[in-house]
Amino acid sequence: MRVLVRDLKAHVGQEVELLGFLHWRRDLGRIQFLLLRDRSGVVQVVTGGLKLPLPESALRVRGLVVENAKAPGGLEVQAKEVEVLSPALEPTPVEIPKEEWRANPDTLLEYRYVTLRGEKARAPLKVQAALVRGFRRYLDRQDFTEIFTPKVVRAGAEGGSGLFGVDYFEKRAYLAQSPQLYKQIMVGVFERVYEVAPVWRMEEHHTSRHLNEYLSLDVEMGFIADEEDLMRLEEALLAEMLEEALNTAGDEIRLLGATWPSFPQDIPRLTHAEAKRILKEELGYPVGQDLSEEAERLLGEYAKERWGSDWLFVTRYPRSVRPFYTYPEEDGTTRSFDLLFRGLEITSGGQRIHRYEELLESLKAKGMDPEAFHGYLEVFKYGMPPHGGFAIGAERLTQKLLGLPNVRYARAFPRDRHRLTP
C-alpha cells in the first residue's frame, strides 16, 4: 500500500511503497541519491546500480525507512526496488529544484504545465483552494445555497463594454462578465445564494493586477436593511476564509514568506466623498469621480497608518460610476462599497434596486436597452425582496495575501491580453 512522504515518520524501520516524481538526482557511482517528490513533500532515496532517468520521471520506490539526520526531514528510504512508471523524455525547460518563481515570468507562464510542479509555484493554488473552501463552508452554515449560472449570455450585466463576443449558432452571444443578473433572480428563489465560477472581462490592461479571466466568489442575500448588512457578512466571511487557509495551507503560506494580516472585527469605513477629501487635502492627490489604482494604494497606506488595518471599505460611490442595478440615494450616491485590501480593490458590492419601475428607469438613464434584459426585468414584476451582494476576486485576494509580484501567479493557467496558452 502506498505511503505518502509526510507519513513516513510513522513507518521508521518498516518497508514502504512510495509513488512520485524524481525531483533531483546525484550519481556517485556505486551509490546514488534521489529526491522523490509526491503531493505531500520530498524524501531522500538511496539506491545504486541504476540507469537514472531524467528529473520529473514518475517512479515507484519500495524500500526501508530509516532515520538520517543529514537527509531532508531527518529520514531516508533505502531502496530495494525502483521502477520507472513513466520516463521524462527531455530535460525540463526550468529546473524544478532550483525554482526561482519570482524571476522570468514569461518563461514560468509559457511552461506552466511543468513549472507548476515546483513547490513555490503551486503553493498559491493550494492557499486559494483553502480560501474557497472557507468561503463555501461559512456560507453553507449561514443557509446560503450554491448556484450555477450560465456563462454564455445574451447581454452583459454591466452593459455592452468589456464583453467577449462568441458565435452562438445564428445569434451573437457573450461570455459572462458577472453572474449578477442571475444571482439576483435566484434571490427570489432561495433568498441567499452564492457562486464560485470564472468570469471574463475584455479589458486592454496588461498589468500585474489584471486578468481577462478570473475566479469570482459571488454572494447575494435577500431581505437586507441596507449595504451595512452585506459588509458585516463579508467581515465574518473573510475571517473564516483566512482561518481556513492558515489552518490547512500554513506550510505553503510560510514557504512563501507571507505576512498574514490581522483581521479587525470592524473594518474601517470611509465614504467615497471622505476618501476624495483625504486624498486631496491630506495626501495631496486629487481624484475624479472614480478612484484610480494609485488612489486605492494611497488609501491602503492611510488605513494602515491611521487604524493599523490592512482593510478598508470605501462606501457610497456616486451613481455615475456604479452599474444600473445599484440602489440610489437622493443625494446622487449609492448604497455601494468596495473593499480595499493592502491598497487593492478585491471586492465590489452593494444593495440593488428591487422595484420594477425604478430598475427600468435606471436602465434607460444609463442608455441601455431594456429589451436586452427582458428575462431579468420580468422577475421584478412579481415581487423581489430588498437585496444585495458582492463579489470577491479570488486571484487578487490570493496575490495580496501572499505578496505575489503578479496576479498571474495566483491562477494555474492565466488568460491576459496576450496569453491564450497553455
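Placed from the backbone N, Cα and C atoms, the Cβ positions cover glycine too.
For R26 (site 'Interaction with tRNA'), the same-chain residues that are 6 or more apart in sequence and have a Cβ closer than 8 Å to its Cβ are Q32, F33, L34. Residues annotated as site 'Interaction with tRNA' in Swiss-Prot: R26 (among others).
For Q44 (site 'Interaction with tRNA'), the same-chain residues 6+ apart in sequence whose C-beta sits under 8 angstroms from its C-beta are F33, L34, L35, L36, N68, A71, P72, L75, E76, V77. Positions annotated as site 'Interaction with tRNA' by Swiss-Prot: Q44 (among others).
Per Swiss-Prot, the feature site 'Interaction with tRNA' maps to N68 (among others). Secondary structure at N68 (site 'Interaction with tRNA'), taken from DSSP and collapsed to helix, strand or coil, is coil.
Every protein chain shown contributes to the tally, and the Cβ of P72 (site 'Important for tRNA non-discrimination') ends up with 14 other Cβ atoms within 10 Å. If you look up Swiss-Prot, you'll see P72 marked as site 'Important for tRNA non-discrimination'.
Under the heading site 'Interaction with tRNA', Swiss-Prot lists E76 (among others). Its Cβ taken as reference, E76 (site 'Interaction with tRNA') is surrounded by 22 other Cβ atoms within 10 Å in the chains shown.
What Swiss-Prot lists as L-aspartate binding site is E158, R201, S348, R352, and the listing cites sequence analysis. Here the Cβ of S348 (L-aspartate binding site) has 18 other Cβ atoms within 10 Å, regardless of which shown protein chain they belong to. Under DSSP, S348 (L-aspartate binding site) is assigned to a strand (E or B) in the three-state scheme.
The annotation region 'Aspartate' is assigned in Swiss-Prot to 180-183 on the grounds of sequence analysis. Taken residue by residue, the region 'Aspartate' (180-183) breaks down under DSSP into 4 helix, 0 strand, 0 coil.
Residues annotated as ATP binding site in Swiss-Prot: R201, M202, E203, R209, H210, L211, E345, G393, A394, E395, R396. The C-beta environment of E345 (ATP binding site), restricted to residues of the same chain at least 6 apart in sequence and closer than 8 Å, consists of E296, D338, L339, R396.
In terms of C-alpha distance, the listed binding-site residues E203, H210, A394 place A394 closest to S348 (L-aspartate binding site). Ranking the binding-site residues R201, H210, R352, R396 by how many Cβ atoms sit within 10 Å of each one's Cβ puts R352 at the top. Rounded to a whole number, the distance between the Cα atoms of A394 (ATP binding site) and R201 (L-aspartate binding site) is 15 Å.
Calculated from their C-alpha atoms, the gap between A394 (ATP binding site) and R352 (L-aspartate binding site) amounts to 23 Å.
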